[in-house]
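> Please read through the structure below; I'll follow up with questions.
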Amino acid sequence: MAIRLLTAQIAQKIDEELMSSAGGFSVDQLMELAGFSVAQAVSRVYQRNTHPNVLVVVGPGNNGGDGLVAARHLCHFGYKPKIFYPKQSSKDLYQRLTTQCKNLAIPVLTENLGQELKQTDLILDAIFGFSFKGDIRDPFGDVIKALIESKVPIASVDIPSGWDVEEGPVREPAIQPEMLISLTAPKLCAKHFRGKRHFVGGRFVTPDFEKRFELNLPAYEGTDQVVEIPVQGKL
C-alpha cells in the first residue's frame, strides 16, 4: 500500500494530536526528534569529507526550529554548520535553541547571505514548513531568490520553502532541492519533487496512530531515524 501524502489540514491535525494530552509530546520534543532526523539524512547523503560547510537557512517558525536542532547535531557529527537567521523569533523556545548553537560556536548570521553562499557546500532549507500560506514576506523573498541563484545543492526540511503544501511550486522562481526530508509523513507537494533523494524522518509515530491516520509509513531499520522512500515525481 502506498505511503499517504498529507494535506495541510491532516498534517496540522496530526501535530495537534501528537501534542495533546493523549499524544503526550511537547513541541520541543517533536522538534528535537525532527531536527535529529534531518541531520541524520544530511549525513547519509552529503558526507562531511565532501560537504563539511552547511549553511542552515532558518525561518521564524517551527520549521526554523527544526533547522536549529539539525545545525546543532551536524556540529556534533563533525560538520561546520553556519546558521543564517534573518528574522529571529523572540519566543523562549527559539531563543534557547539559538543559545545551544552559540554555545557550540556555531555562527548565527543575519546578513551577507551572498558571501556565505560562496563558501558553503550545502544549503539546509528550514525557512517555511507545512503551515506556510500566502505571500512570501520580506526578507525571505530575497533569501529564497539568492538560494536558487547560488546553484549550491539544497536539502529542504519537510517542504521546499515557498511551495504550496498541496500544490507544490506555484510561485516562480521556486526552490528545487536535491534532497527532501519529509517529517512524520510526506505532504501532497512531494508529488512535484524532482530531486535525487527523499527521506521520511521523525520516528515517533505509534502503530495505532499510524493505522488511524492510514499513513502507511515504511519501516525504520535498526536505530535509524530516517528511511528513504522513492521520489514521487519519478515513479
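Here the Cβ of each residue, glycine as well, is placed from N, Cα and C on the backbone.
Where the annotation comes from TrEMBL, it is an automatic prediction and has not been curated.
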> Can you find which of Ser21, Ser26, Ser161 TrEMBL lists as binding K(+) at the same site as Asn63, Asp125?
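TrEMBL lists Asn63, Asp125 binding K(+), and from Ser21, Ser26, Ser161 it also lists Ser161.
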> For Phe132 ((6S)-NADPHX binding site) and Asp125 (K(+) binding site), what Cα-Cα distance in Å is obtained after rounding to a whole number?
14
> From the centroid of the CB atoms of Asn63, Asp125, Ser161, the recorded K(+) site, which same-chain residues not already listed sit within 8 A by their CB, in sequence order?
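My list of surrounding residues reads Val57, Gly59, Gly64, Gly67, Ala126, Ile127, Phe128, Gly129, Ser156, Val157, Asp158, Ile159, Pro160, Ile175.
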> Within its own chain, what residues at least 6 apart in sequence put their Cβ under 8 Å from the Cβ of Asp66 ((6S)-NADPHX binding site), listed in sequence order?
Met31, Ala34, Gly35, Val38, Ala126, Gly129, Val157, Asp158, Leu183
> Measuring Cα to Cα, tell me the gap between Asn62 ((6S)-NADPHX binding site) and Asp125 (K(+) binding site) in whole angstrom.
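Their Cα atoms are separated by 13 Å.
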